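Student: Shown below is the structure under consideration.
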Amino acid sequence: MKHIYVIGAGSFGTAIANQLAFNTEDSVCLICRSEDQQQEINDNHTNLRYFPNKTLHDSLRASASLSKLSDADIVFMALPTAALKEHIKDLKIAIPTEALVVNLSKGLFKNGRNLVDYLKDKLNSPNVVTMKGPTFAVELMNNEHSLFTLGHDTETQYHTIKELVRKTNIHIDHTTDIAGVELLSALKNVYAIIMGIVDAQYNAINTRHMILTKAFSEIRVLLEALGGKEDTLFLACGYGDFGLTALNDLSRNRTLGLLIGKGFYNSDVNQSSVVLEGLRTIELISKATDDSIQKQLPLFNRLESFFRDKESKFKIRFNSLVD
């Protein structure tokens with residue numbers, strides 16, 4: 001029996017933990033914020049704040065104490081990036097050095113470093129992998145088949161996770177391109193905003209797929225320029241996750257694009273976490289790429305100028321998209 005912990009009892013952490021609990025050969029515990037949430041999950045098998053109409057697997061347990069991590073074999077990180085940074089010192093103390101850490105969180109740092117590099121450094125452990133893919137939490141809770149990409153360093157890490165999900169509806173493809181997997185999880189959000197804008201402004205399938213094609217091309221340019229491998233783009237974390245985020249109205253980034261496209265966005269008012277994270281990612285990408293790369297990114301440049309200049313309307317410059 002392996003002792004599995006998922007840190008972060010929000011929608012995604014809860015959904016992952018619930019899915020992992022279907023493999024009853026292992027012990028799965030969800031690390032949550034409060035004792036009230038712990039009691040609700042353990043006594044009622046619910047997490048009503050995030051899933052008001054769902055019952056959790058009866059083998060899933062919860063704890064509000066990081067001390068429970070002392071026997072952890074595998075730890076899934078499902079915290080927002082800001083919360084991860086806030087609690088990283090406590091996590092380093094609590095997580096055993098030999099445990100395999102799986103990063104589910106998304107984001108980039110100012111120096112261009114990804115979250116896996118950050119965790120390896122702060123936890124003083126090389127045993128950190130990443131898992132990203134086209135998955136909405138509600139679909140995982142509905143027990144739908146879902147595909148992730150595992151970014152790993154060793155075959156042992158890959159086979160450990162493959163065995164872990166064997167009796168669940170989680171499936172994995174895999175790569176050793178950890179940097180690429182992490183990059184794509186940030187890049188797809190930027191282009192999902194653009195796709196939302198396009199769908200708000202043009203009721204035209206041809207136009208939608210023209211922009212979709214150009215967006216995918218720009219993601220490829222950025223992936224290679226920032227240290228990822230082109231092949232990673234065709235895994236679940238690439239084309240799959242971009243398609244899910246860009247074309248589905250459950251996506252918060254696409255929804256932001258729809259608001260911009262309809263003219264309902266006000267830069268002085270609409271400063272949600274999605275907006276702030278998007279602005280931060282755009283700024284980081286701009287600083288990390290030179291003019292020769294940026295010349296190949298007309299869609300990205302248009303979105304950057306929209307936010308930078310606090311424009312009231314967003315218009316696609318179609319002539320800039322072709323040679």
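Just so it is clear, glycine is given a Cβ too, placed from its N, Cα and C backbone atoms.
Heads up, here are the entries from TrEMBL:
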type: ACT_SITE; residues: Lys188; note: active site, proton acceptor
type: BINDING; residues: Gly8, Ala9, Gly10, Ser11, Phe12, Gly13, Ala137, Arg252; note: NAD(+) binding site
type: BINDING; residues: Lys106, Arg252, Asn253; note: substrate binding site
type: DOMAIN; residues: 4-153; note: domain 'Glycerol-3-phosphate dehydrogenase NAD-dependent N-terminal'
type: DOMAIN; residues: 177-307; note: domain 'Glycerol-3-phosphate dehydrogenase NAD-dependent C-terminal'
Student: May I ask which residues of the same chain, at least 6 positions away in sequence, place their Cβ under 8 angstroms from the Cβ of Gly10 (NAD(+) binding site)?
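Tutor: Listed in sequence order: Tyr50, Ala78, Pro80.
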Student: Applying the rule Cβ within 8 Å of the centroid of the Cβ atoms of Lys106, Arg252, Asn253, what extra residues of the same chain belong around the substrate site?
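Tutor: Sorted by sequence, the hits are Asn189, Ala192, Thr245, Ser251, Val274, Glu277, Gly278.
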Student: Can you work out the mean pLDDT of the predicted model over the domain 'Glycerol-3-phosphate dehydrogenase NAD-dependent C-terminal' (177-307)?
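Tutor: The average pLDDT of the model in the domain 'Glycerol-3-phosphate dehydrogenase NAD-dependent C-terminal' (177-307) works out to 91.
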Student: Quick one: of the recorded positions Lys106, Lys188, Asn253, which has its CA closest to the CA of Phe12 (NAD(+) binding site)?
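Tutor: The answer is Lys106.
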Student: Around the Cβ of Ala9 (NAD(+) binding site), how many other Cβ atoms lie within 10 Å? Please give the count over every shown protein chain.
Tutor: 26
Student: Using Cβ atoms only, which residues of the same chain lie under 8 Å from Ala137 (NAD(+) binding site) while being at least 6 residues apart in sequence?
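Tutor: Within the chain, Ala137 (NAD(+) binding site) has Cβ neighbours under 8 Å at Ser11, Phe12, Thr14, Ala15, Tyr50.
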Student: Please identify which of Ser11, Asn253 has the densest Cβ environment, defined as other Cβ atoms within 10 Å, among these binding-site residues.
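Tutor: Checking each of Ser11, Asn253, the winner is Asn253.
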Student: Sort out the sequence-distant neighbours of the residue listed as 'active site, proton acceptor' for me: same chain, 6+ apart, CB within less than 8 Å of its CB, listed by position.
Tutor: Ile219, Asp241, Phe242, Thr245, Ala246
Student: Give me the Cα-Cα distance between Lys106 (substrate binding site) and Gly13 (NAD(+) binding site), rounded to a whole Å.
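Tutor: The Cα atom of Lys106 (substrate binding site) is 13 Å away from the Cα atom of Gly13 (NAD(+) binding site).
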Student: In whole Å, could you give the widest CA to CA gap in the NAD(+) site formed by Gly8, Ala9, Gly10, Ser11, Phe12, Gly13, Ala137, Arg252?
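Tutor: Overall maximum Cα spacing for these binding residues reaches 19 Å.
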